[in-house]
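Residues annotated as domain 'PLAT' in TrEMBL: 2-118. What TrEMBL records for GLY17, ASP79, ASP80 is Ca(2+) 1 binding site. Under the heading Ca(2+) 2 binding site, TrEMBL lists ASP39. Positions annotated as site 'Essential for stabilizing binding to COTL1' by TrEMBL: TRP103. Summarising the annotation, TrEMBL assigns domain 'Lipoxygenase' to 117-564, 565-617. Among the features that TrEMBL reports, Fe cation binding site is placed at HIS368, HIS373, HIS551.
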Amino acid sequence: MPSYTVTVATGSQWFAGTDDYIYITLVGTEGCSERTLLDKPLYNDFERGAVDSYEVRVGENLGDIVLVKIEKKKYWVQDDWYCRYITVKTPSGDYLEFPCFCWLVNDKEVVLRDGRAHLPQDDKTSLVKQHRQKELDGRRKTYRWREWQPGFPMSIDANRHKDLPRDIQFDSEKGVDFILNYSKAIENLFVNQFMHMFQSSWSDFSDFEKIFVRIKNTISEYVMQHWKEDFMFGYQFLNGCNPVLIRKCKKLPDKFPVTHEMVAVSLERELTLEEEIEAGNIYIVDYEVLDGITPNSTDPCTLQYLAAPICLLYKNAQNKIMPIAIQLGQVPGEDNPIFLPTDGQYDWLLAKIWVRSSDFHHHQTITHLLRTHLMTEVFGIAMFRQLPAVHPAFKLLIPHIRFTIAINTKAREQLICECGIFDKANATGGGGHVQMIQRAVKTLTFRSLCFPDLIKSRGVDSKEELPTYFYRDDGYKVWEATKRFVSDVVNIYYTSDERVQGDEEIQAFVKDVCSFGMQDLDYCEFPKSVKTREELIEYLTVIIFTASAQHAAVNFGQLYLGMYPDEHFIEKPVKDAMAKFRKELAEITSSIKKRNEGKKLPYYNMSPDKIPNSVAV
């Protein structure tokens, strides 16, 4: 009687094990096994982190094993189980791998295909075609689109984290880690004292230092010593937490009537302001998106204000970016003067503080929330709805979607919701942050998510002109390394452009992002199809870069770029591509570390060893 050896791996996260009954059915080209209970006498099966083997005896050879069906049935009480993978050793000695990486909840069954990736046009038998379609039908019922606010990118249809599908919820360890990190951040920043200070007038600039008394490292101490200085103010536009706004000024806007006489004392090359602009030495940052945004009025006892400043920056002879003029509103006039470095010390300092305040609001709401968190969620929902687990693009993207929908749902539940933390601690709370996103979506195009395009569109792509723009330099390296990795994987499965065009699932995925995720907005310019391998490579690179490197430039997580602990791919060529990718990332990390040696302000935000795989915090 033929016998198959089945090995089952249980997850190592908290509460992954189960005491429920686990049944298996092997489905082959020549027949199916009996539904078999996996149980060893006097043994505690399926414990957390366990790898257990069982014999499945059959009356006749099943042919090639195509599917493995796993069922969980209640023992005493419902006991969720996380299955990592299953391997099957056939009577002839061959080993087959069936990745699972999902939770079985209630009396659930999961049907798995072997770990080799397949495009839909490569599936020839009705059995695997039906399995593929059934998986997608189930996913589309589970992962539904919903508009959280008018004009927002679409999000998951779930009000609370606990309403999400179990597979995309935080696991228990991540949930505890989230709470501990949140508590630690609150403790470090003395938020209670900060809130108290915020609701009353600050008597001295030294009050700022009290907020950061718990954060001690060489960079923070250097910044605390120099934060009032113009060079530090300018440096942050290049390598701070929001290095995406500075652009070359080719012509002064009419709404910002700076004259040469105003700034002549700040210019070092004996050129007029117009000549400095023509020479490419003048840059501008415009916070127009904040103009008219309603300030937070949720607490009638605390008046809050917002500015929509314009800041003119000058690259001096030492290649430092220095502020030379600031206007705090969009409409020039007597009540909206242009502040200059030659003004009184505190007038100029307060003008810079207002710019920094506006930069904070732009960073948190647009650069961070909209352009990384919400966009990655759009890609993630479309992925779950249109790509089955056997699709190579699903296997490629799933590590970069890890916990993103969960953290965004938590944000809608606790952070950006009515009476959430934004309303309590942010001048754009009470609805202003919603208005900002609604405006910013109108300029969010697909090309603006392509890192090289975004850099070039702002006229800041020349290393010779801006030699200390490390965000750009490191970003280029990581973008190119990621694109080469994606290219290696794509070319394994797509041997021609016709293969891309004939993949109905990848076409449905791209269309779902545009037509549903971005609501088919005319100005978003997201593609509705991909026709070539190069277009597909760029599209997938955008997703991975947005979820990893771009998010890392403004925030940090846990599993770092190039680390794939869940082996969704089993093919050697893909594993070789992953190893090559990791090696290239290590080389980039080494070069960044070498460049940073001896710098008082080292830049590590785009260092691959500090780039998380996904938007998870």
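Note that Cβ sites are derived from N, Cα and C of the backbone, with glycine treated the same way.
Location within the structure of each feature annotated in TrEMBL.
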| residue | record | Cβ within 10 Å |
| --- | --- | --- |
| GLY17 | Ca(2+) 1 binding site | 21 |
| ASP39 | Ca(2+) 2 binding site | 13 |
| ASP79 | Ca(2+) 1 binding site | 17 |
| ASP80 | Ca(2+) 1 binding site | 16 |
| TRP103 | site 'Essential for stabilizing binding to COTL1' | 21 |
| HIS368 | Fe cation binding site | 20 |
| HIS373 | Fe cation binding site | 22 |
| HIS551 | Fe cation binding site | 28 |
Tell me the Cα distance separating HIS368 (Fe cation binding site) from TRP103 (site 'Essential for stabilizing binding to COTL1'), rounded to the nearest angstrom. 30
Pop the mean pLDDT for the domain 'PLAT' (2-118) in here, whole number is fine. 92
Tally the residues of the domain 'PLAT' (2-118) by DSSP class, grouping H, G and I as helix, E and B as strand, and everything else as coil. 0 helix, 59 strand, 58 coil
Taking the centre of the Cβ atoms of GLY17, ASP79, ASP80 as the Ca(2+) 1 site, the remaining residues of that chain with Cβ inside 8 Å are PHE15, ALA16, THR18, ASP19, ASP20, PHE46, TRP81, TYR82
For GLY17 (Ca(2+) 1 binding site) and HIS368 (Fe cation binding site), the CA-to-CA distance in whole Å is 36
Checking your reading of the structure: which of the binding-site residues ASP79, ASP80, HIS551 lie inside a 10 Å Cα sphere centred on ASP39 (Ca(2+) 2 binding site)? none
For the domain 'Lipoxygenase' (565-617), residues assigned helix / strand / coil by DSSP: 28 helix, 1 strand, 24 coil
Could you tell me the C-alpha distance between HIS373 (Fe cation binding site) and ASP80 (Ca(2+) 1 binding site) in angstrom, no decimals? 29
Report, in whole Å, the straight Cα-to-Cα distance of HIS368 (Fe cation binding site) from ASP80 (Ca(2+) 1 binding site). 34
